[in-house]
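In TrEMBL this protein carries:
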type	residues	note
DOMAIN	43-292	domain 'G-protein coupled receptors family 1 profile'
TRANSMEM	29-51	transmembrane segment
TRANSMEM	63-84	transmembrane segment
TRANSMEM	104-123	transmembrane segment
TRANSMEM	144-165	transmembrane segment
TRANSMEM	202-228	transmembrane segment
TRANSMEM	240-263	transmembrane segment
TRANSMEM	275-294	transmembrane segment
Amino acid sequence: MKGHKENSTGVTEFFLLGFPNLNDYKLPFFSIVLLIYSMTICENLLIIVLVSISQSLRSPMYFFLGHLALSDMVLVTSVVPKMLEVIIREGSCIPFVGCLVQSYMYGLAVSAECYLLTAMSYDRYLAICNPLHYTSVMSPKLRYILIITSWSLCSLLLLISLLIVCGLDFCGPNVIDHFFCDYTPILQLSCSDTTVPDIEVIIISVPIVLLPFLFIIVTYVYICITIFRISSSTGRKKTFSTCSSHLVVVSTYYGSMLIIYMVPYRGHSMTINKFISIIYIVLTPLLNPMIYSLRNREIQSAVRKYLMVCSKKRDL
């Protein structure tokens, strides 16, 4: 059978099944995904460049936004290029090591984004609930501590998961009914006892997903209480607008994540799982820069200045 490879030494590659139901529409599907991927890279790269060079985007919020854009680029780049091959070839093989690397990079980007959204919620909490001490508390030192901790802690926790998977036996079959190497489908193909990695997934999901999510909820409870205490409706609206973009991104991000990973994997069809994964992996990184820049005058102004500078350089 296509994609199966069984031998006494174990599986050396996996076969990503992709989207069998969409094989008749693979060219338009491929074109749409490629267009979205190209736009996502351009948008997030623009955010990173603007945050790096624009003097008006030096606040902590934009510092974290730049790293959020970086995590989105890592997320889509770890999955989408191989996904495009899977679409156009109606399924594709990926080496065992390559599958583990893809799973690790995907997990790193997803986990880092959880911490970055948490850092951004803390930033909004300080700005709204404790404005007098905002500048002194959210110092450049604290920003770098939060960023370094986010990336390094995620790297360490996911390295533990990777080492556990490397210790499992895979003796066939090797077909993954997905468009990328997600952690749970890999475990389901192991012929070893997966009790330990299953428990490990639950354990590391607490510091990576659950605690940040609870922290964000608590900060927004305090933010909402503070906003409701503002006497004027104009003041409430203006204050809420400073965190509305972040709230939309958090809702979209955690909403899709909870549907995929908190609902038992066998509790819904793989078609639905793939569809939600596409929203989570492909569409969310595309929409994040739009959400943050659509109503943000500082970013819009920085974009105009950047385009003017590029135009002048081109004229010279």
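Cβ from N, Cα, C; glycine included.
No curator has checked TrEMBL annotations; they are predicted automatically.
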Flag the pair the transmembrane segment (240-263) / the transmembrane segment (144-165) as in contact if three or more Cβ pairs fall under 8 Å (sequence separation 6 or more).
no
Lying 6 or more residues past either end of the transmembrane segment (144-165) yet within Cβ distance under 8 Å of it, the residues of that chain are 63-64, 67, 100, 103-104, 107-108, 111-112, 115-116, 119, 122, 183, 186-187, 196-197, 200-201, 204, 207-208
Near the transmembrane segment (275-294) in space but 6 or more residues beyond its ends, with Cβ under 8 Å, are 33, 36-37, 39-40, 43-44, 46-47, 65, 68-69, 72-73, 75-76, 79-80, 83, 106, 178-180, 182, 245, 248-249, 252-253, 256-257, 259-260, 300, 303
